[in-house]
Each structure stands twice: as structure tokens, then as C-alpha cells.
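One structure below.
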Amino acid sequence: IIKIYQTRHPDINPHSAGSFSFLAAIIFITVIGVYYDEQWFWIAYATIHILTCLAFTGKIYYMGRLKVTFRVHIHLYRLVKENGIFSRPRYLNRMAILIPTNCLNIAFALYGAIIQPESFPNHLLFVFLGNLAIYLLYYILMKIIHREVFTRFSILFLLSATLSWSSSLYFFYQQVKSYEVQPAISRMRNRPCIILNTYDVHDIWHILSSFSLFFSFLTLLTLDDGIRKRKRKDLAAF
């Protein structure tokens, strides 16, 4: 997401300390979710997830005018009051992506708190994949609206990534193990190997997901090749 966003906003460069701190926090929360898969954790996670989304929504909408601190709610209220609570949105492009993104994240948070999926790491994986997919879709739609050219390679890589992700997620949903039962019981869910009598559906998921990541990275690298001869000042910012 940062790679795509920096194409239009080269002045946005996250600090390495903040980026690694964010990754460390995600890993820490994931470990807690694995060891303490209880109702209180899912409720706490859903609350933190929603509050974090709202804070970053304000930061993205008021780019450069709002800092995420412990007093972010006060600063956000002042900005909204300054611009008028019922005034017409100033940044329609940003609002167009923020509204569906917030709806998606709130749905993920409520789903986790209510349903409590078996695997928290898998749930977190889909949260990140969902956010990446919705932003990539928004970026492609905005390029189409501004009549920017796509190269053949970018289209090919995008279609390949979509196909490989769809196939890999199909095998990912095939339950062949469980974290909530003893190993002997979990092994009863294992299925016969279907490729060369060696690889089962879980192995196929790993193979296909590696191709999915490969084509996804190629898509990100070639998505703006059609406008590489344009000057940066002539590019639409969205």
C-alpha cells in the first residue's frame, strides 16, 4: 500500500522506526492471539482495531494536519469543527476510499468479536489482504477515470495475480488441521496427497500463494509503467 501511495505522494516517507514498531506490534498481538484465544481478547482486539482505523482515517483525510498521538481525538474534533461538521467534503477522492475501507475493517472487527474464528493469524492475514485489495481496486479505478494507460505486462501480471490468489485461497479454506484440538485428533483431518502422492491441499496452498505474491509484486512494480514518461507534476494525485 505504501509503495502504491508514494507514487503519487513522494513526500510521504514513513520513518523506519515507526514502520518496524508497527510490525513489532502486529507480531506481538498475533502471539497473544495464538496463546490467549479467549472472548476478552477478541473484544479487546476489535475495539483497538476500530479505534486505530478511525485514527488513521483522520490522519489520511487531513494529510499533514493531524498527528496520531494519545490526544488524536481532541485534534480531530478541532479539525472537524474548524471545517464545519456538516460542510461538503473537501477531499472527495480520499473519502471515496476511506468510507469502504472503514466499513470493511469494522466488519472484520465485528466478525472476529462475534464469530471468533479458529485461527487469529489467519484472520489477521485476511484483514491485511482485504485492505490491500480494496486500495489496489481504488487505485486502478482512479487510473481509469484519469485515462492513464496500462501496459500489457501490468494487465497480464494483474490477471495472473487475481487468478493465483483465487486458486490459492480455495485450497487455503480446505480444513486439514486444527489448532484447538490435540495433535492426534488434528491429524484425523489430514487428506490424501493429490499431487505426485507427495503434496496435499495445504502444500498446494503454499505453492500457489508464492506465485500469488510473485505476481502481486510484479503488478505493483509495473502498474505505472504506462506513465513513466510523464513529469511528476503532471500526474493526478489520488
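Just so you know, glycine gets a Cβ as well, placed from its N, Cα and C.
The structure displayed is predicted, hence computed values, not measured ones.
If you check TrEMBL, you get these features:
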TRANSMEM  12-36  transmembrane segment
TRANSMEM  42-62  transmembrane segment
TRANSMEM  95-114  transmembrane segment
TRANSMEM  120-141  transmembrane segment
TRANSMEM  153-173  transmembrane segment
TRANSMEM  204-223  transmembrane segment
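Of the two recorded stretches, the transmembrane segment (12-36) does not lie close to the transmembrane segment (204-223), with fewer than three CB pairs under 8 Å once pairs fewer than 6 apart in sequence are set aside. Note on the transmembrane segment (42-62): residues 29, 33, 68, 72-73, 76, 79, 91, 94-95, 98, 101-102, 105-106, 108-110, 112-113, 116, 120, 127 of its chain, located 6 or more positions outside it, place their CB under 8 angstroms from a CB of the stretch. Taking pairs at least six residues apart, the transmembrane segment (153-173) and the transmembrane segment (95-114) share fewer than three Cβ pairs below 8 Å and do not count as touching. For the transmembrane segment (95-114), same-chain residues at least 6 beyond its ends with a Cβ under 8 Å from one of its own Cβ atoms are 42-43, 45-47, 49-50, 53-54, 57, 60-61, 89, 120, 123, 126-127, 130-131, 134-135, 138.
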